Amino acid sequence: MTLQTVLLVAAALFSVGLYGALSQQVLVMIMMGLELMINGLLLAAGAFWWFLNPTPTGQVLLLVILAAMTVEMAMGFAVATLVHRHRRSDMTDDATELAG
Amino acid sequence: MTDVLFWSLSVVAVVAGVTVFVVDSMARATYALAVSFVAVGATLVLVGSDYLGAVTVLMMVMEMAVMAVYMVMFMGMNPALMPMSMVHDKRLAIAVSVAVFVLLSAGVLAVPWPSRRGVPAVDPTTELGRDLMGDHMLVMMGVSVVMVATIVAGLVLALHRGRYQRFGDDLRTRSGHPRHGGGR
């Protein structure tokens, strides 16, 4: 296990998530793509902490990434609820106009 | 032993990540995403970040539970039985993601990373707690404010009847339209 190998795995996770975020039409599936991207970031940050800067400051960065993931999750579910209420659908194609 | 564990967890994380977009039901995709996150959380534990690894696993298990509730609530059926393949611009998305992976990999391989520097504290969790309550208190305060703002924003978005429905766009006079709650 080296820094390079961990970063390569993180890059793979990020790219897979990017594919999902770009290609999916269902809001929840797009959220899954974004979460996979953040998953890759989390792994990369953990690797940087372990290999290059094993101080508490590095762990604080991981905590901030986890917080960002929480915000994405909460806002995603709220937007999905809003779109479903107005359009009776959870597809992005039905949410091109969010106003009323 | 560490290498074997790392590679096993890495394969599980990436394969489960790919599986999210390959399986034909949202429920299976949810399970696959949970497996991917558990593998990454275990990798964090492997590199000594026990607390954040455990938080990652617990948080994602909770999120998958919320996602299951969401699916039952809005789909009204067993989501595991509903095949789905709802994608657009699949070729473009694959091309972009492969290009990003190649770019990131090239950067990872091209940079002359230094060998490992420093040694973590004996108890990184305790050190993290001390740091958050000390030098990085501002980070904790900032995250707290963001979390409160997220709760408020989530409620505003998800509420069935907000102030716009009751008062209309100008927010001064109550809308007379029954759909907007006029007369009630």
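Residue 1 is the first one shown; counting continues down the chain.
Note that Cβ sites are derived from N, Cα and C of the backbone, with glycine treated the same way.
Sequence annotations record features per position, and here TrEMBL assigns transmembrane segment to B:6-23, B:30-48, B:54-72, B:92-113, B:137-159.
Sequence-distant contacts of the transmembrane segment (B:54-72), counting only residues of its own chain at least 6 positions beyond either end whose CB sits under 8 Å from a CB of the stretch, comprise 26-27, 30-31, 33-34, 37-38, 40-42, 44-45, 79. Using a Cβ-Cβ cut-off under 8 Å and counting only residues 6 or more beyond its ends in the same chain, the transmembrane segment (B:30-48) has close neighbours at 2, 5-6, 9-10, 12-14, 16-17, 19-20, 23, 54-57, 60-61, 64, 67-68, 71, 120, 124.
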